[in-house]
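Listed in TrEMBL:
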- 20, 21, 22, 23, 24, 25, 26, 27, 67, 123, 124, 125, 126: GTP binding site (BINDING)
- 27, 44: Mg(2+) binding site (BINDING)
């Protein structure tokens, strides 16, 4: 079951896992989606989960899992039965891009997400010096990672975002 493939039956519910290093902006994005407002958030200890009803009568259950080093070992537990992986990168934090790349490589090795679409969000595009979504994709080596996993048909997309921008209704 996937979110992007339009030839599949229309699904009414989807489980989405949102991962990324600490301070990448996962919680801010989650609550922007839920409330269409930007809140000051604290570092996530454990996880946040929100159910969001879309305009197309679909319910998204979004799991935002903490990105601190000690939490990353638990990421595996959240990958099972997910319909979409959203990987959030702080595009203004060039010092941690290599670390982010390594963590994404580990995630993509899991068989449980072999057929799951991946969305890479290059977050914080509004900050000075932020890399574009294309540059983040290149630094994460997404194309090569999919080739290495023999995922020639893997569905993935990379987009830039900034939580300060209002969402379309």
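Placed from the backbone N, Cα and C atoms, the Cβ positions cover glycine too.
Caution: TrEMBL annotation is automatic and unverified by curators.
Feature annotations (TrEMBL) mapped to structure.
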| residue | record | Cβ within 10 Å |
| --- | --- | --- |
| 20 | GTP binding site | 25 |
| 22 | GTP binding site | 16 |
| 24 | GTP binding site | 24 |
| 26 | GTP binding site | 29 |
| 27 | Mg(2+) binding site | 23 |
| 44 | Mg(2+) binding site | 17 |
| 67 | GTP binding site | 24 |
| 124 | GTP binding site | 23 |
| 126 | GTP binding site | 14 |
Exercise. Could you round the CA separation between residue 24 (GTP binding site) and residue 44 (Mg(2+) binding site) to a whole angstrom and send it over?
Key: 11
Exercise. Work out how many Å separate residue 44 (Mg(2+) binding site) and residue 124 (GTP binding site) at their Cα atoms, rounded off.
Key: 18
Quiz item: If one measures from the C-alpha of residue 124 (GTP binding site) to the C-alpha of residue 27 (Mg(2+) binding site), what distance in angstrom results, rounded to a whole number?
Solution: 13
Quiz item: C-alpha of residue 67 (GTP binding site) to C-alpha of residue 27 (Mg(2+) binding site): distance in Å?
Solution: 10
